[in-house]
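The ATP binding site annotation in Swiss-Prot covers Ile28, Gly29, Arg30, Gly31, Ser32, Phe33, Ala34, Thr35, Val36, Lys51 and rests on sequence analysis. Per Swiss-Prot, the feature active site, proton acceptor maps to Asp165; the stated evidence is sequence analysis. For 333-467, 503-538, 550-571, 673-694, 789-815, 926-960, the entry in Swiss-Prot reads region 'Disordered'. Sequence annotations record features per position, and here Swiss-Prot assigns compositional bias 'Low complexity' to 801-815.
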Amino acid sequence: MASQHSRRSREAPRPEMSIGRYTRLDEIGRGSFATVYQGVHTKSKTYVAIKSVNLSKLNKKLKENLSSEIDILKGLHHPHIVALIDCHESTSHIHLVMEYCALGDLSLFIKRRDTLGSHKYTRDMIAKYPNPPGGSLNEVVTRHFLKQLSSALKFLRDRNLIHRDIKPQNLLLCPSPSSYRSGHAQVMPYKGSDDSYEPTTGLESLPMLKIADFGFARSLPATSLAETLCGSPLYMAPEILRYEKYDAKADLWSVGTVLYEMVVGRPPFRATNHVELLRKIEKGEDRIRFPEDNPASDDIKKLIRGLLKRNPVERLNFPEFFSNNVINDPIPGLLADDAPGPPQSPRPRQLVGKAEESPYDTGPEDKLAYPPGQRPVTTHPKSGTPPTATDMRRMGSADRPAPAISKEQQPGGTPPQRPGPVSLATAPGRQELIDRNATTAAMDRQRHRNTYAGAPKASDSTIRAQEARDRAAQEVAFERDYVVVEKRAVEVNAFADELAHSPRLQGGLSRPGQTGAGSRRTTTQGLPTVSPSSPHANAAKAMQVVSGRARADSTHQRQHSYERRYGQSPTSATSAISKALNMASGRLFGMGFSPPLAITKGGRSPPLAYNPFPAYPPVHASLLITGDGSKPNATGDEDCKAVQEIEECATRSDVVFGFAEVKYKQLIPLAPSASTDPSARPMDTNVEPDSADSDDGLTVDAIVTLSEEALVLYVKALSLLAKSMDIAGAWWSRKNREEVYGESPTKDSMSAVAGTRINYVVQWVRSRFNEVIEKAEFVRLKLIEGQRRLPPDHPSHPDNHSISSTAGSSSTADVVVSPGVTAERLMYDRALEMSRAAAINELTGEDLANCEITYVTAIRMLEAVLEDDGMRSMPGSNIERQSSSQGGEKVVLDELQVEDRQVVVKLVSSMRGRLASVRKKVAVLAKRSSAPTPTAGSAGKTPTSNISPVTYATGVTPPR
């Protein structure tokens, strides 16, 4: 391990850098967003680890994780948890000064088990407890590490914390405490507290284990559940892989995998992705196998099998784990000098220990003088400085810090009190008060850390009164968000009317047929125009669209506390209403972002007969090349980009809408006559649908399932439509600004075509937006009615919904969507099915034209999965190229792990390759069919079966 550090320093020598009271030395580790350096305290000459996080590589979610990690570490002081010593911020980096662990992590320790005998810090350990053959560690060492890991976990559970990323890479090792006392260890680490290197359990002659990396940690009481997919796949609990809600037992599964790896030398389950890993876990059926020659004791094997239970209910719980004889009994097989002596009374754990004279602290100014949670954060106030970990949020009335108090005033073990209400229009809903995620919990602690220090413990009645005030404040904030949702529908229609009646667009920029397009909008409500030969013609005609706008008085309902949370999306460049739409829609419909990799439940996937809807009525004029083939000018190029971005986003929304229509039409089967079709009549949103007339033999469970799936898909389509309108609004604002300041260039054919096309698309988006809102409201009422008809013991029955979440609600009913039902998950599964069907047809050479359409639709659906609801777009699209040039920020969606995103991106890339291959085959067939000398009656004709029947607008084809 020392050789690794020296090799890295030789490969990448860096000049020393001063960071506060510390000097940054050589690099010792590197991750995706941070680099870890060895550092030294300038006065005491003791060593620290400095984790330098590059702020330019962090998006909003990662900054929240960093803030959560800092906030949690400030309040954790335990010998087996890596302590945060200090925190400094510059304009480009946040430097976390942490305890230095000279032996690296446990994964490296296991990997280099055969060379530990030659290492100065571990040679004595190997001499006393040699590792057995086969890749495992000596059981004495394994039990020693397990005892220390369990001590840290008990400390976390006492504080209702769950780590969620327990793995060997996050378990760091320090030289044995005895080596420090004897002076054998030459590298003396800086102490985060007086007992940082005094183990609470285990052997003092063996290396000391510490848990690190609390980026995914969060507060989770014993009775609460979480549902965010996070952690490392190989060590991730199966309930997380199944996208089910989970509790703190997920950490115990990770402990079981780590223990298995120490005993065997490899993880119990290995796979290349989440789906394959879950398949192997399920296939194993809780039969954990060990090599025949493995020397592990029966007690260890029994403990591992108890921890690696697929069903969390059958898994050991924390009291059983902490009381296990492997944890509590003395370690068998110890040598005489390691045998335990007479028991000593445990040292009381104080929030702040009194610093003692030691080689770690050489002067009084270097001793810890700050209570936990009040460590100094050195900031450099400069213009343009990115937000720090302590101000990555809006400041409310409760955010004003109180003066810091001395450690004598800090009551030991005083629990934090609930913060006061924050009067913000965008304040989070009730869910953040009941089932907080890691970010919200961290921000709440950051808000009131200094306000409760030194205050007497509040009585239960005071806490209940405070909770009631909090709920009232959050209700008011939510109502404000709800009003904004309806305002968004008004703004969409107002902007479309503005473009439709703009003298600048109508006076010289309109083209023949523009008026006809407007009239078609009022009659067909934006149904896509297809040619008679298109395979989608019947599908397009089959669905009559409801006329009318969304009702301003329609009653939207709040969601319950255990529903999925829809994270905030970045604020649009032209309108903050889009963000409010997405946030309030999430609370209203229970929509949350879930990583798309999942095992499809029975009955969730739509039938393979689904045909993708084509793009909005195609425009045959090309913007990418002018009439003479020359490159367009700068202004024209900007117009081209705007058109392409709007069309791409609208096309993705159209694909999602088509998928939702499949669910909708299963709920409301089409009658032979459109006049009798319930979906063709204007819907009265004040009257719930008559299930007896429209169910058409569907079971109640099927109605609820279809309604939930249609609802989340319609909400996803709404968010994409809103994004298209925001892009168009940005283009229109720029045009108006140029006109005001006299910067508008001379009108040319390019600008005329761009204005016409954008106006054309905006009118289509407007009518589709109104249509989706209308249908989403109908599906919502259908869902409420279906849930009422469920058996009383069904989890989705209204009587089984959370009561606390509806306290103070004046609404008639709440909309609750089952956990795991998300648009992204449905879209991912559907795209996989479509691509597989297309691949089979491609291999057999059947219906290649339809293969092309299917591939394009599957690609668009996956692009919508990866689509952020802010002003960022897909890899390879103009929006992302623009954002990357501005800040280089990597798009990582809320709750979508980097690994999952990479899997989806690779799948899209593979589909594009297959699409290119199909198009080549279609072109070859078309060329062959036109090779014979044409007759007089068939000159110039080519078989339509070999040509794509849909003409896509420029910018709609997948990015190459």
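Placed from the backbone N, Cα and C atoms, the Cβ positions cover glycine too.
Keep in mind that what you see is a predicted model, and the values were worked out from it rather than measured.
On the structure: features taken from Swiss-Prot.
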residue : record                       : DSSP (3 states)
Ile28   : ATP binding site             : strand
Ala34   : ATP binding site             : strand
Asp165  : active site, proton acceptor : coil
In this structure, which of the binding-site residues Ile28, Val36 has the fewest other Cβ atoms within 10 Å of its Cβ?
Val36
Just to verify: the residue among Arg30, Ala34, Asp165 with the fewest other Cβ atoms within 10 Å, which of the recorded positions is it?
Arg30
Between Arg30 (ATP binding site) and the residue listed as 'active site, proton acceptor', what is the CA-CA distance rounded to a whole number of Å?
18
In Å, rounded, how far does the Cα of the residue listed as 'active site, proton acceptor' sit from the Cα of Ala34 (ATP binding site)?
17
